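Novice: So TrEMBL has the following annotated:
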DOMAIN    1-183  domain 'Reticulon'
TRANSMEM  7-22  transmembrane segment
TRANSMEM  28-48  transmembrane segment
TRANSMEM  109-138  transmembrane segment
């Protein structure tokens, strides 16, 4: 979208309008959707009544249907995502994978931390703005960004190895010794 200036401006403008409407004006999402639908229904009703009074053609409405193909197009990736999440949960529970538990805990804690500061529409708005801004900045400063990301990746890997050696290996070793003592 960032290369298509008209589409990008339209997306950014509408996202900004919705963010201002919901966040700054204090409007709620579900009443907003219900009021828009009510407005559309009333306009269509009045248009149909006026068409009869003035001998005009009735408004043409498309036949709105959800086809099985479009439903499967949405449901299949959702099913794959849910199955992946369930396999991760099974790996943690059945195989007692402490590393996976640590990763999932960090991700969920981060989501919780960010969610405590921001609400859904602010996160959605920031996602749209960053989704349009990051490709532009990456294209302009690709070499510098790649260099800094590789340095950061190496630092994170060394910290993870330290945590793995000090903490996670001890957590993994203790339950196995207790199980052997109980047997």
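Each residue, glycine too, has its Cβ placed from N, Cα and C.
Note that the coordinates shown come from a computational prediction; the quantities given were computed from them, not determined experimentally.
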Novice: Using a Cβ cut-off of under 8 Å, list the residues of the same chain at least 6 residues beyond the transmembrane segment (28-48) that approach it.
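Specialist: 21-22, 58-59, 61, 121.
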Novice: Could you give the mean pLDDT over the domain 'Reticulon' (1-183), rounded to a whole number?
Specialist: 80
